[in-house]
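Per TrEMBL, these features apply:
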type: DOMAIN; residues: 1-407; note: domain 'Major facilitator superfamily (MFS) profile'
type: TRANSMEM; residues: 6-27; note: transmembrane segment
type: TRANSMEM; residues: 39-59; note: transmembrane segment
type: TRANSMEM; residues: 65-82; note: transmembrane segment
type: TRANSMEM; residues: 94-112; note: transmembrane segment
type: TRANSMEM; residues: 124-144; note: transmembrane segment
type: TRANSMEM; residues: 223-244; note: transmembrane segment
type: TRANSMEM; residues: 256-278; note: transmembrane segment
type: TRANSMEM; residues: 287-306; note: transmembrane segment
type: TRANSMEM; residues: 312-336; note: transmembrane segment
type: TRANSMEM; residues: 348-371; note: transmembrane segment
type: TRANSMEM; residues: 386-405; note: transmembrane segment
Amino acid sequence: MSDATFSVVTSVYTIGGLLGSLFANVLMDRFGRKGTVEVSSTMFVIGSACMSIASGLPLLLLGRVLVGIGAGFGLCVGPIFLSEIAPSKIKGAVGVLTQFAIVIGIMTTQAMGLRLATTRTWRWVLVASSFLSAVQLILGLWMVESPTYLARHKMTKQGAVVAHRLWGATAPVIARQEDNDESVADPLLEHSASDVEDQKHKGRDDAITVPQLLKASNLRTPLMIACFSMLCQQLSGVNAVLYYSNDILSKALPDFGPYVSLGITIVNVIMTFPPIFLIERIGRKKLLSLSAIGALISLWGVGFGLDSGYVTLASLTIITFIASFAIGIGPVPFVMIPEVSPPHAVSALSSVGLSLNWIANFLVGLVFLPLRNLLAHGDASKEGRVFYVFASMLAFCSLVLLSIYRE
């Protein structure tokens, strides 16, 4: 493929992700969390299969778009589903599993690529993806639906059964009197008083659409939190850092060139472990603050190292940036959005936030190289300047987010 063709094949995945995120709220509210997970799995099965048998560009592009749509659905429904079935005491830790699963998937794929990324065997990576997605699709048939979704749709008997499967023999039931005096029972997610109060409010309002969300003045703060938490992820320049990581670290470690990408991903996986244990102990806001500070210092170090010719400094700060990103900016937004969203607006808020994430991802990829070249004025020793721009954008988004977010 030419560079232009390769760029198209790469970018259509992001377009598919945006489409999936835009329509995820419709799927979640119509078919439930479980149904949306199954649709997402189906997209992965078909999309990966199309790419694995592609003999030309059209089928390859179709596969990339379908996989992107599946990723858009999955990124929206995953954090919400986990938040709605998790006990309140470990809800944050369970929410981090979204990001943890993402980096595990990347690491597994890169490890497979070390052996299979050849002209004869590359299709087996996609066959493996299609197979794993098919396994998830089948196993998903035995997955429970979210008790919150069932309560909101007046399916109280099914909700009681799900609560029993999730929490054991005696899941409490709260009787709630509606305006029409119809008695409805809401199954509890947990056994604590705070969860009782949460469940009393589940199901009182019909799910709102994205246009209604954008017009609702009482949802401005959750909307801003959803948007700026996603902007922190992409405008941190994580993809730009990863772009340079192979080149810089390969120079610093010439004997380990093929393993650099895998090594960076392993660091990402390892550093995603601490938030699982720390998020409930020190809180979302402090974890996000520490992550942002570490990322800002690291971005400055990458820029200064590149501009000054200090390869060792640039190499070390790339690692510290990935570690800083992994402990907060990466996983915490997926925890925050379901927690700050009212039940009737969580699907729409997730769709807006994740759609903005995909758009920012696409724009950063589009302008990164031209912006780097513009700021460097053709001087290869000044290519680090672009990272000061990312540091500025991350600082702004982090300050706005931390100023409006209340735990």
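Placed from the backbone N, Cα and C atoms, the Cβ positions cover glycine too.
TrEMBL: automatically predicted annotations, no manual curation.
Below 8 angstroms of C-beta separation, residues 1, 5, 9, 20, 27, 31, 65-71, 73-74, 77, 123-124, 126-127, 129-130, 133-134, 136-137, 140 of the same chain, each at least six residues beyond the ends of the transmembrane segment (39-59), sit close to that stretch. Confidence over the domain 'Major facilitator superfamily (MFS) profile' (1-407), given as mean pLDDT on the 0 to 100 scale, stands at 85. Between the transmembrane segment (65-82) and the transmembrane segment (348-371) there are 3 or more Cβ pairs closer than 8 Å, counting only residues 6 or more apart in sequence, so the two stretches are in contact. In terms of C-beta pairs under 8 Å, the stretch of 223-244, 287-306, 348-371 lying closest in packing to the transmembrane segment (312-336) is 287-306. Looking at which of 223-244, 287-306, 348-371 has the most CB pairs under 8 Å to the transmembrane segment (6-27), the answer is the stretch 348-371. A Cβ distance under 8 Å defines the sequence-distant neighbours of the transmembrane segment (94-112), meaning residues of its chain 6+ beyond its ends; these are 75, 78-79, 82-83, 86, 124-125, 128-129, 261-262, 265-266, 268-269, 272-273, 275-276, 279, 326, 330-332, 334-335, 338-339.
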